[in-house]
Amino acid sequence: MGIQGLAKLIGDHAPGAMKENEIKNYFGRKVAIDASMSIYQFLIAVRQDGNMLTNDAGEATSHLMGMFYRTIRMVDNGIKPVYVFDGKPPNMKSGELAKRAERREEAQKALEKAEEAGEAEDVNKFQKRLVKVTKEHNAECKKLLTLMGIPYVDAPCEAEAQCAELAKKGKVYAAGTEDMDVLTFGTNIMLRHLTFSEARKMPIKEYYYDRLLAELDLTQDQFIDLCILLGCDYCDSIRGIGPKRAIELIRQYKSIEEILKHIDTKKFPVPEDWPYDQARKLFKEPEVTPADQVELKWVDPDEEGLVQYMSNEKGFSEDRIKNGAKKLKNARHTSTQGRLDSFFKVMSSPSVKRKEPPKGAKGSASKKAKMSGGKFKKPK
């Protein structure tokens, strides 16, 4: 799920914290990519006639095709990707995982009805809702990455937290994922849409953490509390408090503890035994492998191994796999030239021209910051 409504909130309140970029501008950059999120995208997007790709044996291959060609696209543009795989989920995520299981059950029932009614569009929609990344998908992608010469990391817990750790400690330039909670984990730079297909023509969105805090006028602790109020994977949020109210409350009262002292809990019911403090600790002190203990090594692809696995075992065209291997090898030696700015000190918050909201526009940052002092207070 990530953080509910955070991307829109940033667009409304901190537009200068994000800029759009082209993939070619990341030449020479190392990027830690959330593997599970990418594989999920591939399983949903890489399809034929609305169905997941399979080989002659009926095995799903959408994830392998997506991983192979999207990774080649990145490497071809000089990017050095490292994929980070999820470990065991934290105990606090059990509630969110249970909700996802319930939603899949509902989608399965809806799919059966749509199939009976012959509603093709609904069938396609509910099929996608049933998609789940399995251990087998992960294992097959790890094998493929090894043959491609691309490193991967097994996170002890959440992949987003591990990506943030690698970025914060300078092991990579940025964390690449669609889950906004990588910002809550404190990554200095986040990239969205990096693994999207070229055909979608979606620009890469680059978010800067330091600039985000500055434009929101929040500390790291206040930003984490804001994300918990918006809704995260680790606990429920307060019903009735959306993004607009959440940021106003955090700006006014500075912490969830103070907010709880002042809001009308009849109007805004607080979840029973709300473990917001445990969620906060999880974001501040996630279980990760320290960046200095992670070794990243990019090597030449194993062309023979790729042909054996992808063509002979999985049914992909041998010529296409060989062409892909050549692209990987050529691009790897080109990208070793590196970036000019790698020889100089890199500033944590690049100079980005701030996108000022239109003059007099509703919801400008200055207007959002002003509020009635007793707006959310308990009735006397």
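Backbone N, Cα and C define each Cβ position, glycine as well.
For the Mg(2+) 2 site, Swiss-Prot records ASP179, ASP181, and the single candidate of ASP221, ASP225, ASP233, ASP236 listed with them is ASP233. Record check: Swiss-Prot places ASP34, GLU158, GLU160 at the Mg(2+) 1 site, and the matching candidate among ASP86, ASP217, ASP264, ASP273 is ASP86. Ranges compared are 255-263, 309-317, 336-344, and Swiss-Prot records region 'Interaction with PCNA' for 336-344.
For ASP233 (DNA binding site), the nearest neighbour among the listed binding-site residues (ASP34, ASP86, GLU158, GLU160, ASP181), judged by C-alpha distance, is ASP181. Taking each of the binding-site residues ASP86, GLU160, ASP179, ASP233 in turn and counting other Cβ atoms within 10 Å of its Cβ gives the largest count for GLU160. In sequence order, the binding-site residues near ASP179 (Mg(2+) 2 binding site) (Cα within 10 Å of its Cα) are ASP34, GLU160, drawn from ASP34, ASP86, GLU160.
The binding-site residues in question are ASP34, GLU158, ASP181, and the one with the fewest Cβ neighbours inside 10 Å is ASP181.
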